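Per TrEMBL, these features apply:
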{"type": "SIGNAL", "residues": "1-17", "note": "signal peptide"}
{"type": "DOMAIN", "residues": "139-177", "note": "domain 'EGF-like'"}
{"type": "DISULFID", "residues": "167-176", "note": "disulfide bond"}
{"type": "DOMAIN", "residues": "231-273", "note": "domain 'EGF-like'"}
{"type": "COMPBIAS", "residues": "271-293", "note": "compositional bias 'Acidic residues'"}
{"type": "REGION", "residues": "271-324", "note": "region 'Disordered'"}
{"type": "COMPBIAS", "residues": "294-324", "note": "compositional bias 'Basic and acidic residues'"}
């Protein structure tokens, strides 16, 4: 079984489909679940009842083989079967590194992920660094955050990528140091900028919040000298907007909608028809059902009366026979 597992891992390890990012992900799962096991067992002991004697004879439980085995039995848990297999294979291949960290480096080098995945196996980089040489992402040294916290760095934490910044919503530029065209800076200095979205009615950027901050107005709004961009009520314009029968015009921010009048509904062909017709038809069907139920009840009652009459007639005949 051990030989078969090792062979599978060997084939898996050499497969070109195993990307660097997959190796990094698997290594992080391994280190994370190992630390979870470490935390779960930190208050345990050998279980013999005499902790002082056990530690004198068997050594500290904290760095005991018993604890290591307990942790290893519960690593690599997760929902994905393939990921669990990769994780166990990686743990089996590099068990000596895990033992070295567990027995010798917990105190001096407490970050297992950095020790195993970054330093020893070189599958990952520390977060804020990218590529084969773990180069710093833009902004990480200046602000402590990749792309100054305003974007994501390509390859962040991996041995891949090119380190370019993909800016968060509202930011633009190589270092995400500018506000996007529909945003404005509410706070800005040499190393920091915070952008907020312009008013919805602005058409070409803004300098401050609200309608008065717009440089110009978008379609459906008009510039007012005192109040800035104000919504145009298209339904009050001379041109009739909704021309189909039984339609009404409803103003919306920057536009309008044509809706059916009350008690009407839009049909598949786009017209507005009375909903009451459907209700009347439904009421008619209900009345018909009531009539049918009434007739059934009357027929049942008639049947009962006929049965009663026959029973009484039979009784009278029987009485006459007895008298004879």
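Every residue, even glycine, has its Cβ placed from backbone N, Cα and C.
Here the disulfide-bonded residues are 167, 176, and the one with the most other Cβ atoms within 10 Å of its Cβ is 176. If you look at the domain 'EGF-like' (231-273), the same-chain residues 6 or more away from its ends with a CB under 8 A from one of its CBs are 200-201, 218-222. Mean model confidence of the domain 'EGF-like' (139-177) amounts to 96 (pLDDT, 0 to 100 scale).
Residue 176 (disulfide bond) falls outside any helix or strand according to DSSP and counts as coil.
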